[in-house]
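Features reported for this protein in Swiss-Prot:
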DOMAIN    48-278  domain 'Radical SAM core'
BINDING   C66, C70, C73  [4Fe-4S] cluster binding site
BINDING   C110, C143, C203, R273  [2Fe-2S] cluster binding site
Amino acid sequence: MEQVFFDIYQKAKNDEISKEEALFILKAEDKYIPLIVYLTSKLKDEFFDSQKFEFCSIINAKSGACSEDCKFCAQSKFYKTPINIYKLVDKEELVEGAIRGVEFGANRYCMVLSSRAASDEEVEKLCEAVQEIKAQNIPINVCVSAGTIGLESLLKLKEAGVTRINHNLETSENYFPNIVSTHTWKERLETIKNVQKAGLSTCSGVIFGLGETDEDRVDLAFVYKELGVDSIPLNFLMPIPNTPLENNKPLRALDALKIIAMFRFINKSAELRLCGGREQTLGDFHGMAAFMTNALMAGGYLTRAGRDIKKDYKMLEDMNLERLTSEEVCK
């Protein structure tokens, strides 16, 4: 049986694996986890510097009152959740967020807005903040996550100095209607294609534990491969009280490791980022996940606190991994 995993590794390294082989990884017995992690880490080493690891950070730049009904989200206006609701913060606070990111070692900083799409006025304010970050020579790459913004706005953000846009597909096209009804999966897909047309780097991720099947997970992994996205944030559902998914059962850590491995075997040259829910889901297996990935989101999430940054520092130190410097990322 072990030879099958080595054969899949060789196929992934030299060509591409099939959906059946991807499902084989997900359905593997738990006793093969050490071998799966080893081969996945080995595959990562073929395309990346195995000793380098990146931190990224975000700011909840506009919070709550979102018009969309994403069943996993605390910021939807459809659910009564205990979050702060506010409009886009001012330029000074956006700049301060970049400085905080640098202070705890982040190389990328994403300004995230709750809404279906940022308004023209909001895009202008984001541009002003990015220009100020550049003017102050703050050594961090700036990313934006602002919904289904159009090509014209994307070009403005690029001109201001934004290097990457985040827009998540979240789950497979087949399962998406079970999670969101106020917009379509294809609308999100079109946004990613517009990001690529604008010549910006693409960051598009997934949330696991929404109720999707292994087949849904594999389907989305192949979509990202076909798109050629640069970075894939891997999130694990953190059930939020008063949302439709509040009672969803958390994923097992070992299943999460298999999912990460499967995404790496399909998207071998994409950056894989450990993001929301990593603390609760991975637990003591955090280090194994880090060996298979390139980066993690540090310093907290949109409406939830993250892991103590000192624990992430210690984890990388124990694994003999080096954080990417700002100069290596801000090219």
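Each Cβ is built from the backbone N, Cα and C atoms, and glycine gets one as well.
Structure coloured by features recorded in Swiss-Prot.
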{"residue": "C66", "record": "[4Fe-4S] cluster binding site", "CB count, 10 Å": "22"}
{"residue": "C70", "record": "[4Fe-4S] cluster binding site", "CB count, 10 Å": "23"}
{"residue": "C73", "record": "[4Fe-4S] cluster binding site", "CB count, 10 Å": "24"}
{"residue": "C110", "record": "[2Fe-2S] cluster binding site", "CB count, 10 Å": "25"}
{"residue": "C143", "record": "[2Fe-2S] cluster binding site", "CB count, 10 Å": "24"}
{"residue": "C203", "record": "[2Fe-2S] cluster binding site", "CB count, 10 Å": "26"}
{"residue": "R273", "record": "[2Fe-2S] cluster binding site", "CB count, 10 Å": "22"}
* To do: Measuring Cα to Cα, tell me the gap between C110 ([2Fe-2S] cluster binding site) and C73 ([4Fe-4S] cluster binding site) in whole angstrom.
  => 18
* **Reported mean pLDDT - the domain 'Radical SAM core' (48-278)** => 96
* Asked: Taking the center of the Cβ atoms of C110, C143, C203, R273 at the recorded [2Fe-2S] cluster site, which other residues in this chain have a Cβ no more than 8 Å from that point?
  -> C56, I58, R108, S145, R164, N166, S231, P233
* Rounded to an integer, what is the Cα-Cα distance in Å between C143 ([2Fe-2S] cluster binding site) and C66 ([4Fe-4S] cluster binding site)? -> 20
* Alpha-carbon spacing, C203 ([2Fe-2S] cluster binding site) to C73 ([4Fe-4S] cluster binding site), which is rounded to whole Å -> 19
* What is the interatomic distance between the Cα atoms of R273 ([2Fe-2S] cluster binding site) and C66 ([4Fe-4S] cluster binding site), given in whole Å? -> 25
* **For C73 ([4Fe-4S] cluster binding site), the three-state class that DSSP assigns** => coil
* **Cβ within 8 Å of the mean position of the Cβ atoms of C66, C70, C73: remaining residues of the chain near [4Fe-4S] cluster** => E68, D69, F72, A74, Q75, S76, S114
